[in-house]
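*Asks:* Questions regarding the structure given below will be posed in turn.
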Amino acid sequence: MVKQEKEFVNRPDNTAFTQQRLPAWQPMLSAGIIIPGFVLIGLAFIGIGVALFVTSQSIQVLEVDYTGVEQSSPCFKCSDPDVKNCVCKMEFNIDSLFKGPVFFYYGLSNYFQNYRGYGVSKDPNQLSGDLDSFKVPSDSCAPYEYVGKTPIVPCGSVANSMFNDSFKLYQIVSGAKIQVTLDGKGIAWWTDYNVKYRNPSVTPLKNAFNGTVKPTFWSKPAYELDPTDPANNGFINQDFLVWMRRAALPNFRKLYRRITEGDYAKGLPAGNYSLEIAYNYPVLSFDGRKKVVLSNVSWMGGKNEFLGIAYLVIGSMCVVMSIVMLIVYAKFKFPEEE
Amino acid sequence: MKDVDGNHPIRPRATPVLQEFAGEGLRTLALAYKDLDEDYFHQWKRRHHEASTALEDREGRLDQLYEEVEKDLLLLGATAIEDKLQDGVPQTIEQLSKADIKIWVLTGDKQETAENIGYSCNLLQEEMNEIFTVSGNSPDAVREELRNARNAMKPDAVDSVFPSERSLVKGPKVLMDEEVNGEHGLVINGHSLAYALEHGMELEFLRTACMCKAVICCRVTPLQKAQVVELVKKYKRAVTLAIGDGANDVSMIKAAHIGVGISGQEGMQAVLSSDYSFAQFRFLQRLLLVHGRWSYLRMCKFLRYFFYKNFTFTFVHFWYGFFCGFSAQTVYDEWFITLYNLMYTALPVLGMGLFDQDVNDAWSFQHPRLYVPGQLNLYFSKRAFFKCALHSCYSSLVLFFIPYAAVQDTVRDDGRDVADYQSFALLTQTCLLFAVCIQLGLEMSYWTAVNTIFVLGSLTVYFAVTFTMYSNGMFLVLPSAFPFIGTGRNSLNQPNIWLTILLTSTLCVLPVVTYRFLLIQLCPTINDKVMFKVRQTKASPPPPTRRARIRRTSSRRSGYAFSHAQGYGDLVTSGWFLRRPAAPRPLGPAHAGRATTGFSPMGRSAGYSPTGRPQNAKAPGVEVTSLQMYRTISDAAL
């Protein structure tokens with residue numbers, strides 16, 4: 001029927017999609033959902049907050065600042081930049097058993113590893129073991145790219161500024177010093193160690209570094225970072241990896257060693273301890289501070305009271321707001337007229 | 001006129017029939033004929049030719065000739081024509097006036113016809129306090145009538161048009177709305193409108209007209225229609241919409257902000273020059289109250305949300321600057337910055353802009369007051385933008401400082417680093433994405449399947465893409481482009497990271513929820529009330545109650561367009577409104593300062609002169625239209 005076809009040829013689609021009649025859920029901020037919801041969230045947050053707070057309280061942390069700013073500090077003599085190869089000793093006391101496994105961190109403050117120019121100053125190709133970039137480092141490494149005409153490996157300011165203080169921990173038991181064994185294995189991320197950073201596949205490793213020079217601030221080249229253990233030498237040195245993982249904030253701590261062996265596996269017993277520091281790293285020029293942190297961990301990581309307190313505060317505020325909203329709802333229920 | 005059959009006169013039978021037709025509101029026509037002798041006709045034709053090419057008194061001479069030949073016709077009978085309004089016109093007009101839309105009718109029909117139409121389509125109501133008629137013949141008469149109308153509506157009104165005329169504010173002056181007691185209507189015909197649209201009087205006219213609930217301009221020419229629209233556009237802070245169906249409406253449609261053409265019997269001229277077109281007038285209701293309203297709602301929600309998500313995204317960098325030595329270090333991964341607007345938040349916003357509705361179309365019809373927020377520009381004004389910026393500021397503070405404090409000096413549960421830059425970036429970006437997605441969920445009030453897929457899909461895509469980019473495979477392909485390798489695996493398996501994400505997203509969103517809930521309870525808007533009602537009925541709305549309308553049943557007024565008065569060909573052919581300089585003619589007493597072709601409102605169309613008054617010469621270059629050929633027979637019996 002021609003007429004019928006003509007009638008319908010211009011008619012638009014009448015599906016639910018084109019006519020905007022799709023079935024939909026239309027939520028509304030009604031009192032029946034909001035007020036119980038707030039109460040539930042509040043109670044849940046209070047519960048989490050309590051758990052976090054209690055856990056955080058149970059974590060033990062000991063900090064020892066060894067920058068040597070005050071004259072009375074044992075490391076004051078080392079803080080002079082002209083003094084090289086200085087060794088100083090800090091004494092501290094532990095009151096009760098420091099539960100193991102104990103983690104040994106070094107901390108820096110006022111140190112902006114998150115500075116953008118600093119952060120881009122490295123060559124990822126070199127660090128993956130690409131020999132071509134040994135000869136021609138990336139431009140982003142400037143000014144730590146060449147010494148004269150010789151390329152620096154590893155180039156860049158991140159590598160150049162590697163932390164080079166070293167520590168030895170002794171427990172003082174009736175006048176005698178017992179060394180606490182520090183374990184430096186597995187302190188960096190598994191992916192960093194196995195995937196991101198690779199040594200050039202040249203044996204001996206030293207040969208790969210022919211024609212290159214070590215970074216300016218380093219005392220020994222990369223292939224001598226740990227001559228005793230080839231799995232910890234070169235770019236896959238654990239301390240190097242930990243340092244290369246740059247921190248987000250100006251005050252940070254980085255894992256140095258773990259205390260997990262021998263008598264101290266269960267923790268550090270109460271007593272006097274002596275920390276022997278090979279003080280090499282200068283921080284006073286930019287008003288930075290150095291410290292050693294001993295800490296144990298739990299399921300929530302290190303000691304962080306903020307999270308627990310924040311959850312408690314937000315949880316209680318939720319409960320309070322739900323009461324306020326209930327009062328408002330009860331009093332000001334809006335009337336149903338048009 | 002004589003009867004055909006002398007023995008059985010038709011006229012006594014025709015007259016009551018015609019009256020009956022007119023009573024029913026039909027356009028009546030009487031048919032009569034006469035045989036002409038051929039010689040007489042040739043001679044008459046020759047004289048007609050002479051008269052039509054005469055240089056003096058052409059109209060008079062033609063009139064004489066027509067008078068001479070149109071005598072002694074024999075009445076055949078009577079016919080009637082129906083010219084109905086479309087379906088649904090009165091209801092549409094009623095709904096639109098409830099939505100605070102002022103409706104003016106600009107028609108070329110005669111005054112009675114226009115008034116009839118006004119009554120039948122509910123524009124003029126019997127309950128109105130008064131209907132003012134302006135039909136003065138001179139500028140002073142028109143001004144007087146407008147003033148009187150204004151004083152009747154608002155006795156204490158200030159005389160000058162702009163009360164604060166002393167102000168030195170530059171820029172176009174805006175006529176503000178004035179409150180009046182009661183409802184009034186204004187009917188003004190084209191002759192008077194021609195005076196009223198003059199520069200000196202246009203504000204006076206506009207002011208009076210805007211005080212009325214309904215304005216009907218009858219006898220307007222197409223150009224005057226456009227002039228009226230432009231007058232409103234210029235001096236009122238309002239959006240104008242013109243709807244028409246004929247070629248004479250084209251100028252009006254083009255002049256208004258929004259032009260709507262009705263396609264139908266009168267051809268496609270209006271449709272071709274319009275912004276929107278449909279076939280029936282009643283679809284205007286749907287266009288405005290449903291689609292226009294939804295479109296405004298969607299657009300505003302889209303804009304507000306878009307600004308919110310981008311400001312939040314950016315302000316976090318501002319706070320981080322304090323902690324990174326102001327070195328412009330980005331808080332997020334560079335890939336995230338690239339893909340944030342492109343992939344992670346593009347589709348959900350698009351879905352909201354396409355599908356969002358607050359109430360469905362049936363409810364929109366039932367509550368025309370829902371249209372008012374759009375008129376008052378409530379949803380996206382400077383104030384709304386400022387609130388959005390403030391909200392973003394708060395969100396960005398939460399999004400930065402909570403992760404900052406949570407990550408301070410913390411480590412993984414096996415003692416290894418989690419406070420490094422890359423984990424912090426991942427943490428912050430995940431918090432941001434959760435927060436903006438939940439915020440989008442709060443903004444959307446209509447969750448179709450498409451929207452749900454978009455929102456949940458975007459989050460899934462985020463995790464999928466992130467894990468892909470942080471995987472070993474991508475790193476080995478291009479080490480320098482994917483430096484974040486391993487970050488996801490090493491930080492996102494930590495409970496404290498997830499607890500931080502939960503805390504941050506919740507803290508971003510809960511204050512908004514509280515604020516909105518309290519606002520709904522304490523000062524509910526019309527939208528809130530209607531949505532509450534919808535929720536209560538939870539079904540399709542009850543059919544609109546048939547109110548007992550106080551409709552006149554007087555048979556004098558009808559819903560159809562017909563009239564017995566004279567035409568308006570004068571106005572068209574005089575060219576007075578065209579403002580062209582014409583040959584100077586002896587001016588009538590009524591127009592000072594205007595070079596016209598001697599248009600006189602009391603004139604006649606060419607070729608018509610029942611009383612023999614002096615005729616007007618036609619304006620040069622204006623073609624004679626069929627209207628001018630139409631002559632009404634004035635017969636007291638009809």
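Backbone N, Cα and C define each Cβ position, glycine as well.
In case it's useful when we look at the structure, here is the feature table from TrEMBL:
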BINDING   B:ARG27, B:THR107, B:GLY108, B:ASP109, B:ARG219, B:LYS225, B:ASN248, B:ASP249  ATP binding site
BINDING   B:ASP245, B:ASP249  Mg(2+) binding site
DOMAIN    B:271-524  domain 'P-type ATPase C-terminal'
TRANSMEM  B:302-323  transmembrane segment
TRANSMEM  B:335-355  transmembrane segment
TRANSMEM  B:384-404  transmembrane segment
TRANSMEM  B:424-442  transmembrane segment
TRANSMEM  B:454-477  transmembrane segment
TRANSMEM  B:497-519  transmembrane segment
REGION    B:587-621  region 'Disordered'
*Asks:* With CB pairs under 8 Å as the measure, which of the listed stretches B:335-355, B:384-404, B:424-442, B:454-477, B:497-519 comes out on top against the transmembrane segment (B:302-323)?
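*Replies:* The listed stretch sharing the most Cβ pairs with the transmembrane segment (B:302-323) is B:384-404.
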*Asks:* Using a 10 Å cut-off on Cβ-Cβ distances across all protein chains shown, tell me which of the binding-site residues (B:ASP109, B:ASP245, B:ASP249) has the largest neighbour count.
*Replies:* B:ASP249
*Asks:* With pairs fewer than 6 apart in sequence excluded, do the transmembrane segment (B:454-477) and the transmembrane segment (B:384-404) have three or more C-beta pairs that lie under 8 Å?
*Replies:* no
*Asks:* For B:ASP249 (ATP binding site), which DSSP three-state class applies?
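*Replies:* Looking at the DSSP assignment, B:ASP249 (ATP binding site) belongs to a helix.
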*Asks:* Between the stretches B:424-442, B:454-477, B:497-519, which one has more Cβ pairs under 8 Å with the transmembrane segment (B:335-355) than any other?
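*Replies:* Between the candidates B:424-442, B:454-477, B:497-519, the best contact partner of the transmembrane segment (B:335-355) is B:454-477.
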*Asks:* Specify the count of other C-beta atoms within 10 Å of the C-beta of B:GLY108 (ATP binding site).
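*Replies:* By my count, 23.
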*Asks:* Let me know how many other Cβ atoms fall within 10 Å of the Cβ of B:THR107 (ATP binding site).
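*Replies:* So the number of other Cβ atoms within 10 Å of B:THR107 (ATP binding site) is 21.
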*Asks:* Please classify the secondary structure at B:LYS225 (ATP binding site) using three-state DSSP.
*Replies:* helix
*Asks:* Hey, how far is B:ASP109 (ATP binding site) from B:ASP245 (Mg(2+) binding site), Cα to Cα, in Å?
*Replies:* 14
*Asks:* May I ask for the distance between B:THR107 (ATP binding site) and B:ASP245 (Mg(2+) binding site), taken between their Cα atoms and rounded to an integer number of Å?
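*Replies:* One finds 11 Å between the Cα atoms of these residues.
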*Asks:* Hey, how far is B:GLY108 (ATP binding site) from B:ASP245 (Mg(2+) binding site), Cα to Cα, in Å?
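*Replies:* Per the Cα atoms, B:GLY108 (ATP binding site) and B:ASP245 (Mg(2+) binding site) stand 13 Å apart.
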*Asks:* So, in DSSP terms, is B:GLY108 (ATP binding site) helix, strand, or coil?
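*Replies:* Coil, per DSSP.
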*Asks:* In this predicted model, what is the average pLDDT of the domain 'P-type ATPase C-terminal' (B:271-524)?
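*Replies:* That region's mean pLDDT is 93.
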*Asks:* For a quick check of packing: other C-beta atoms within 10 Å of the C-beta of B:LYS225 (ATP binding site), how many?
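*Replies:* The answer is 27.
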*Asks:* Looking only at C-alpha atoms, tell me how far B:LYS225 (ATP binding site) is from B:ASP245 (Mg(2+) binding site), rounded to the nearest Å.
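*Replies:* Between the alpha carbons of B:LYS225 (ATP binding site) and B:ASP245 (Mg(2+) binding site) there are 13 Å.
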